[in-house]
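Undergrad: The structure under discussion is supplied below as structure tokens; questions concerning it will follow.
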Amino acid sequence: MKGFKIPEATISRLSVYSRYLENLYRKGITTVSSADIAQGVGVTSAQVRKDLAYFGEFGTRGVGYNVKELLDHTLKILGLNNTWNMVVVGAGNLGSALCAYRGFRERGFYIVGVFDNDLTKIGKKINEYEVLPIDKLEEVVRENNVEIGIIAVPAAYAQDVATRLVKAGVKGILNFAPTVLNVPDKVIVRSVDLTVNLEVLTFNIRRD
């Protein structure tokens, strides 16, 4: 897989496939076809087969896929056969909502620290997490082998936070601030701009 680039859309769909397979596994279903997966997640069966083909050969023609085996493969490909420690920087409304989201743990992502520079927030609890001063960020990242940092601060502060996260040793950043971050090539950044997603919706609504 390191020899060529996997399309990001394929990775996104693989995540959706894994959730669908988890649901089948919980129901006790042991085999599934590409057509079943396609119908369950809203793509074509050809797309399912093409996406899976990036990572090897799965299933048996005329029989389909073993649900447990394919689930295990997809989780391993996505890195979800391990657990991941994360920190959240920003204890405002968005940061609080992220701390309350139970889906992280269900997929192996664990928040080990929440940070802010607002003295009125430091020391208070968001769910089970005590808000820590931003000066403790590097210490917590290093002591807990944190590889993922989530930025939930205003755009004006996002670059400073990203720089501190990189210096502390994180390998990936999920950025909710509406700004472009400047980080080394070795650090992976995924930005979630809610306004951009809304604008994509309005474009498609108008076009229809």
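Keep in mind that glycine also has a Cβ here, set from the backbone N, Cα and C atoms.
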Undergrad: Looking at 16-55, 56-95, which one does Swiss-Prot call DNA-binding region?
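TA: From Swiss-Prot, the annotated DNA-binding region range turns out to be 16-55.
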Undergrad: Would you mind listing the long-range same-chain contacts of the DNA-binding region (16-55), meaning Cβ under 8 Å and 6+ residues beyond its ends?
TA: 1, 6, 10, 63-68, 70-71, 73-75, 77-78, 80
Undergrad: If you average pLDDT over the DNA-binding region (16-55), what do you get?
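TA: Looking only at the DNA-binding region (16-55), pLDDT averages out to 96.
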Undergrad: For the binding-site residues Gly90, Gly92, Gly95, work out the Cβ neighbour count at 10 Å and name the residue with the minimum.
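TA: Looking at the binding-site residues Gly90, Gly92, Gly95, the Cβ with the fewest others within 10 Å is that of Gly92.
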Undergrad: Got a sec? Which of these binding-site residues, Ala91, Leu94, has the most Cβ atoms within 10 Å?
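TA: Result for the most crowded candidate: Ala91.
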Undergrad: Would you list, in sequence order, the residues of this chain other than Gly90, Ala91, Gly92, Asn93, Leu94, Gly95 that have their CB within 8 A of the centroid of the site's CB atoms, where the site is the one recorded for NAD(+)?
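TA: Not counting the recorded site residues, we get Val88, Ser96, Ala97, Leu98, Asp116, Ala152, Val153.
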Undergrad: Mind tallying the DNA-binding region (16-55) by DSSP state, helix then strand then coil?
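TA: Counting residues per DSSP class in the DNA-binding region (16-55), I get 28 helix, 2 strand, 10 coil.
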